Amino acid sequence: MCEIIFSRIFLGFPVLLLWMAGGLAHAACPLELNPPRLVVRYGDSVSVNCSTSSTDHEGMGWEATFGGTGLETDVMVVTWTVKNLTDWTIQPKCHITSKDGEQCLVTFPVILYKTPDRVSISVLNHSGPMVKGTQYHLQCDIQNIAPLQNLVVKWYKGNEPLDIVTYSNVSKRPEDLSATLMISPNRNDDGAQYRCRAELDLGPEGPQPHPTVTSEPLSMTVHYPPTFSRPEAENHLDIRVGEVITLNCTATGRPPPEYRWQSSDFQEALFTPPSEVPGTYTCTAYNQIGEISKTFTVNPKPKGDRTTFWVIIGLGLGLAIVVVIVYVVVKHRAGPNSII
């Protein structure tokens, strides 16, 4: 914001002639700032020239809490210089006084910024593993940053952007700030890493790329109920007397599931029933979050079934074809009068 103020004594009273906002002075106030505005990191040096095209003035100078010059005569340029700018509310003004007593002032817009001392991420009011389908609030703590009106907070899961938050606070001094993000994790979030980033968007005059500080990643541990690793199509099995089969009840879950079989004390994922006892077997995989069951139906297989019958028929037909082919080949080579 630039302001240009003309003042003059008229009949013993000060009269305000003009006020305006802008980057450069009005034509009636022949002052020009170079650069027209400035973005400065806290503690850095600053140097701004204020020049005039007027040759008919009593003097010009800078008014500022630091680096002021007072009124200088016979100059066309005055420079405001500060080696170590630390005043968050500073508003330097360049002024010029004409021969007839008129004075105008141009306020130089300067933005002083500071990157945060620390950015961290945590789960609000929770510790330990998360549970699938439960809502949680992630909190991003940003310490000692300014100005807040230029702050942009960005949330990420891995490299995937999740949310962007901006602020309208006009405070120029450094402050602490906390931003939150609500999530409802699923089993695919187990092991995912969340991050938050504090970024200062200071406009085209500010540093490019924007100054940023990113939190350390927060790794998620998500607990979820068991699910079976193998399809349900395995549930119906045939077994012959003397044959051994395996009923696979392997499931995945977090924490790793335990198992129980109906009417048995087995806890293993793999269970081999006696071949003499076909029947129905129910396996349950369970953990602290939930459980899931799977039933196996084991049927006795006859000693000779239709599959075996067709295998024998096929072998007989194949053998007969081979014999016929051999006979034809031998007969042809022996000649028509040969006796085979």
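Cβ atoms here come from the backbone N, Cα and C positions, even for glycine.
Automated prediction, rather than curation, is the source of TrEMBL annotations.
What TrEMBL lists as domain 'Ig-like' is 116-214, 226-299. The signal peptide annotation in TrEMBL covers 1-27. Among the features that TrEMBL reports, transmembrane segment is placed at 309-330.
Each residue of the domain 'Ig-like' (116-214) gets a DSSP state, and the totals for helix, strand and coil are 6 helix, 53 strand, 40 coil. Taken together, the residues in the domain 'Ig-like' (116-214) have a mean pLDDT of 95 on the 0 to 100 scale.
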